[in-house]
């Protein structure tokens, strides 16, 4: 038997072991064994793999970048908290073979089952798990074990009947296509078949005109419905004969409903669909706090993996806290704590390689003040980004805008593939262009003392102190780095009136979550107006040492653009963040509603009637069924969940609401609820809808099963599937909900 491909498994710069890797014949399992001992070390299923990264896209592989070229390196990223698997192939060709092969195996999981795909989908995975004696066949006892594993509590007589119907060879076991027949009978979707037959005259197929009727009447598709119907038949009908006749079978109908076109998320909003030619302050920007941390804020690990994960997740605003290190080497870590440190140069190198993989949108960097003792060293590190960093040549553009009286605030379109630095600056930008300035330079915000520092600055007397402060800042801040701070100069917040009188659109203020909440409560409308012309960044309280998060929704309600969250901490807050920014090509920028882009707006989130536009709308959700819901983590063997669905609305205070269905006892495989939930939304433009599935427990808190969150603007009405995500935001195929959505004014 062939041993497999010999590759290096890498855990650190000094730990590189050779292992044989091989894809088993089931096309679902990969094992690897030691070259020296020949013993199989481990195995994993294709269903456990989230993605494959090429090149030096992990901290471990970056540490060996000088020794091994990127063409030979790749990283296998798993779902959940399982660590990455970093590998170095013997050649670039071998690496590509594995990368492309793994990606081909991963992709089919998002599509419904057909017998042609059996060897490359989760059905094969289930078969392998249930075939306890590994003889390639499944007896009835193993089928019963499979049902328990699949969250099904089925009557034994009914299970035996399904088993015998599928056992065409009458051998008392299932194998190959017999198992496919059993699985299809098990997964028969009565609710979908009933819907299909409602529009099918003969109950066996949908003609082109019948499919058009369904798309127009139920799915509320607009113009070009006949062309869409033809596309769906060509794409999802498994029978060549049916495709030639332009009809859709029940299997094809189910495949359409489970496809991206049948998803609750409008597929047209998955791509870049919003206007990107407006000022930066008119967009919400996906933002992380202390991006380098992957654990807590006091003793947690700092890692470039934090940057890689955030960027892969669509984040476009990162934090780089730079401090003096040994031998003049700047280091990145959480200052005045015991967190580990990473060289500033490694961070710069990582961002240079990974910043534009998922998005070409501009990348603001927070907290980029250089270390005081060795500015030259930090300045040298910045050179790795040239020409991406905004620098002195952009100042000429700024002068031109000012001279013409236009807003000196560039657009995401104009700043594509650019890095914007937020931090200290020697004087104002106008001072650099037109002569010495009269403003004392600000200090960068610090989570543990920003507000105290602001109060001290307020108390300072203008005059001679400005001169000495300016001189001190010039001594500690490298001029070249100061020149790179163009559109995000950090200034303290002294109130909305002060900002209107003295601040510039090219400046930005940072506020703690507590300060922001007070302003929302006391001056909500002024806050919205302020954010219509200047950037505001919100950061977590310094008391959140466990890296927990605050609710970003209340900050978005007043138009705050940069709402920084701890991306390493899963939970509702990150679900909301992922839900908002999963649209618009996942570019990390989402256009704010028109009434939040007007500097004279009357909108106040505490008073929905202040919003200009149509009145409230009614969102009606019929929760019909669930499919193949996962078991609760660490549950007892044989335990089956009692699922319920809760729908949560996040938005302005008047729209905050939640309702839930009853729970279905002992059925996580195909539960039926058939319950209708209804909500009234006063400001739908700001609403996020979160679908949560939980395992009901009458004696303790319900356990999380899965969730999916999206902005109201991205909802497609009609009969739709909701493909669930895990607690950390990764997909859990083939788990889904089937719902019917109606939106009325």
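We count from 1, first residue shown onward.
Cβ from N, Cα, C; glycine included.
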Listed range which TrEMBL flags as region 'Disordered', given the options 244-289, 290-335, 428-473: 428-473
Correct range for region 'Disordered' (source TrEMBL, candidates 166-197, 198-229, 358-389): 358-389
Three-state composition of the domain 'PI-PLC Y-box' (481-597), taking helix and strand from DSSP: 49 helix, 21 strand, 47 coil
